[in-house]
Amino acid sequence: MEELQMKLNKRVALLSNRNFRHMFIAYTLASFGDWFDAIAIQVLVAYRWGVDPFMLALIPVAMALPAVLLGSFAGTVTDRVNKARLMIVCDLVTAGLTLAILFAPNMLLLLPLLALRAAASVFHGPAQQALTRQVVPTEQLFQATSLNGLVNQGSKVAGPLLGAITLVLMPAQACIILNIGARLLSALFLSRVSQSSQTALSEVDESSNKIENKKRSFFAEWREGWMFLLRAKIVLHTILFGFIGLISILMIDYQFPTLLREIDPTNESLIGWLISAIGAGAVTVLLVLNRWNRISYGLGLGSGCVLIGTGIALLGLCPPGTGTILLLVFGFLLGMGNGFYMVTQNYILQKESPPEVIGRVFGIQNTISSLVMLTAPLAGGILIRSIQVGHAFMLIGITNATLGILAILFGRMLWPQPVTRSEFGDQVVKDMQ
């Protein structure tokens, strides 16, 4: 009982942190808005425009290109500027480009607009992670990561459901308008995060290097981020593991509408229901993980991949006419894996990276992930053209589950967890100097 009360007090203390609370609200608004928007675009493109799997695969490719070109650059920028102000600018730019997307008549105009909007997200993501690391004490970092993940996955439940209801009552453009409003409100809450408070918690960690960091060149800081990654084996293994897993997952990530069109071609809202089930599975896991203070790295990443792969393979087995309930069960299983994997990965990258390089670490991760996204979706579209979509899902699901089993078996070798983050991270930084 005493331990439970201590954990409850930690969560209350975290949400009583004014800066984190405003960040949390802003992140919630942005996440819900993104899912309203995503559902509307998928329904518009897959069902109403009727594009084929290869054209559908061009959407994630267009969205990945800015991250490939700007990812590590964005991480370096994040470490040099006011994180909250950078996120505000990104929200406002996103709102303006979303307004332009509202009037896109075809794929020819939609793709470049999506690419430009994705460029804003390239800067927003590392800034979000770096600002969280600044305003949250180390002992509350796992709870903060879990809460952010809870919002991300919770928006997958409520966002698609509300989006599906909106699509029944109003045109798809209404969901896009809601995303514009959400981004504007997000910027408003972020404006309440003060610079002085941002730096208060990170002042001790950064004070010894403050003058030196100002004198170093932009290129030197960019290089330092890559040097840290190459020397920090736990962080490096985490990013490489994610790279391998993404190759398989991103081959079918944007092809769920293609699969669902074969199962039930008349039910446009089915994609919303499935994504909600995936989000519900992730939320269930995140609610459990939020009560923990740490997790075994190999077990968390490996279990996530096994569950994700199993869910994908089972969805691929579904023939035309499969009941909605069974589809949702498989989606729930997939979501549970997503919850395990997402929280574990973000926790590793935040915990094992010193605060002064964390923006660069997430920027590099974003670049690597986006490199996969440039090719994997196209390969997936070609694969689905070559074999049945269900067979493609089964093949990719089995591959991902096998990767997860290997991570569990060799977890202690790949992720030997140090006693504390400071001992590990500080030693790596010293080795670079």
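Residue numbering: from 1, along the chain as shown.
Glycine is treated like the rest: Cβ placed from N, Cα and C.
Sequence-remote contacts of a segment are chain residues at least 6 beyond its ends whose Cβ falls under 8 Å from one of its Cβ atoms, and for the transmembrane segment (24-47) they are 15, 55-56, 59, 87, 91, 98, 101, 107, 110, 114, 128, 147-148, 151-152, 154-156, 158-160, 162-164, 166-167, 172-176, 178-183, 185-187, 189-190, 254, 257-258, 261, 268, 271-272, 275. The annotation transmembrane segment is assigned in TrEMBL to 24-47 (among others).
The transmembrane segment annotation in TrEMBL covers 53-74 (among others).
Sequence-remote contacts of a segment are chain residues at least 6 beyond its ends whose Cβ falls under 8 Å from one of its Cβ atoms, and for the transmembrane segment (86-104) they are 26, 30, 37, 41, 77-78, 110, 113-114, 116-117, 120-121, 123-124, 127-128, 131, 173, 176-177, 179-180, 183-184, 186-187, 190-191. The transmembrane segment annotation in TrEMBL covers 86-104 (among others).
According to TrEMBL, the transmembrane segment annotation covers 161-182 (among others).
TrEMBL lists 228-250 (among others) with the feature transmembrane segment. Within its own chain, the transmembrane segment (228-250) is flanked in space by residues 60, 297, 301, 305, 308-309, 312, 341, 345, 348-349, 352-354, 357, 360-361, 364-365, 368-369, 372-373, 376-377, 380, 396, 399-400, 403, 407, 414-418, 424-425, 428-429, 431-432, which lie at least six positions past its ends and keep a Cβ under 8 Å from the stretch.
Residues or ranges marked as transmembrane segment by TrEMBL: 270-289 (among others). Below 8 angstroms of C-beta separation, residues 35, 39, 42-43, 46, 146, 149-150, 152-161, 163-164, 167, 256-257, 260, 263-264, 295, 311, 324, 327-329, 331-340, 342-343 of the same chain, each at least six residues beyond the ends of the transmembrane segment (270-289), sit close to that stretch.
The transmembrane segment annotation in TrEMBL covers 296-317 (among others). Here the transmembrane segment (296-317) has Cβ contacts under 8 Å with residues 234, 238, 241, 245, 248-249, 252, 259, 278, 327, 330-345, 347-348, 389-412, 414-415, 417 of the same chain, all six or more residues outside its ends.
The transmembrane segment annotation in TrEMBL covers 323-343 (among others). Within its own chain, the transmembrane segment (323-343) is flanked in space by residues 145-146, 149, 152-153, 156, 245, 260, 263-264, 270, 273-275, 277-286, 289, 295, 300-301, 303-312, 314-315, 404, which lie at least six positions past its ends and keep a Cβ under 8 Å from the stretch.
If one looks beyond the transmembrane segment (364-384) by at least 6 residues along the same chain, the residues whose Cβ comes under 8 Å of a Cβ in the stretch are 52-61, 63-68, 71-72, 74-75, 122, 125-126, 225-226, 229, 239, 242-243, 246-255, 258, 349, 392, 395-396. TrEMBL lists 364-384 (among others) with the feature transmembrane segment.
Within the chain, the transmembrane segment (390-411) has long-range Cβ neighbours (under 8 A, six or more residues past its boundaries) at 241, 244-245, 248-249, 251-252, 255, 259, 262, 296-299, 301-319, 337, 380, 383-384. Per TrEMBL, the feature transmembrane segment maps to 390-411 (among others).
Away from its own ends, the transmembrane segment (53-74) comes close to residues 41, 45-46, 107, 110-112, 114-119, 121-123, 126, 222, 225-226, 250, 253-255, 257-258, 360, 363-364, 366-374, 377-378, 380-382, 384-385, 389 of its chain (Cβ-Cβ under 8 Å, at least six residues beyond either end).
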